[in-house]
């Protein structure tokens, strides 16, 4: 992802983990503070600066986290396009589903024990591929326990089965117009799905399938842009272009908040690559400054590495705080102060993830092919 002469303090493998760490930190902050109806009144939180709107505005921007994950997916698919044959893509899907299904069954068991509404067999079947996952408004107490932030699973399935082989097939078409064409097609698909959702009363399961395809249309252009930026070997991460990354980061913050879509196309196709560059530039400078404070540097590197490795688990696990009745939500909001809630939730998820990793290793230790774990 990066050229060593460009970033002196970041290796490519570490950069990917750090980006995943930043993305998952953003995601947790987004879900904790962006939506008032996600939080029960008894778990109300206090702003660290005394003005809740500040955290909420930042949390809304943090939605860019999904775009970062999508961008990384596309970039790595391009880096290792020669490996992305059918069997490898099935392996990638299998690895994600084994992780996800453990949380699906775990959530239902927890829901049974604490008397949360449970899904029907039909609803649970669709949940197993990431469809019908949703956070329900606690005021209406409608819905059932599920891994509510796991809609990305269905998106990932479509990415591996459709987008990656399509991008590989288009790899030899030497024109940058294919990027624009793909984005326009996906923008049109997004508009069509929104029209279906807005103007027709869609019944289950058509409604959740349409919603899943809509999410695919919104984020697949970012996968494609990540793929093609690597294919054309753009020096996107050359630090001399991003020395004013603070100003660029603020600009992306404003634009992403004000202009989320352009002609039906997710505007993050532009924002995410620039923001990723800003993050890498900031981390490179941070590690440079900490050269004489080795202990602090090691602690930061360790924390980012662990968050990056556990990012998918944390993504699934923190949904447990947003079940229909929110019976476990108090655990996340226990510190009451916004920043402490955020740090505490990340710590709590990392600790519990260790238990799930142990169970998963015991169940699936010898059931998969051994591909390169870095990819």
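Cβ coordinates are placed from backbone N, Cα and C, and glycine is handled just like the others.
Here is what TrEMBL says about this protein:
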DOMAIN    18-354  domain 'Acyltransferase 3'
TRANSMEM  21-46  transmembrane segment
TRANSMEM  58-79  transmembrane segment
TRANSMEM  100-118  transmembrane segment
TRANSMEM  149-167  transmembrane segment
TRANSMEM  179-196  transmembrane segment
TRANSMEM  208-229  transmembrane segment
TRANSMEM  241-263  transmembrane segment
TRANSMEM  337-359  transmembrane segment
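The stretch from 21-46, 58-79, 100-118, 149-167, 179-196 that makes the most Cβ contacts under 8 Å with the transmembrane segment (337-359) is 21-46. Counting Cβ pairs closer than 8 Å and at least 6 residues apart in sequence, the transmembrane segment (179-196) and the transmembrane segment (149-167) reach fewer than three and form no contact. Across the domain 'Acyltransferase 3' (18-354), mean pLDDT in this model comes to 89.
Contact between the transmembrane segment (208-229) and the transmembrane segment (149-167) is present: at least three CB pairs lie under 8 Å, with pairs separated by 6 or more positions in sequence. Remote same-chain residues near the transmembrane segment (100-118) are listed as 124, 127-128, 130, 141, 143-147, 150, 153, 313, 316-317, 319-320, 323-325, 327-328, 356, 359-360, 363 (criterion: CB distance under 8 Å, separation of at least six residues from the stretch ends).
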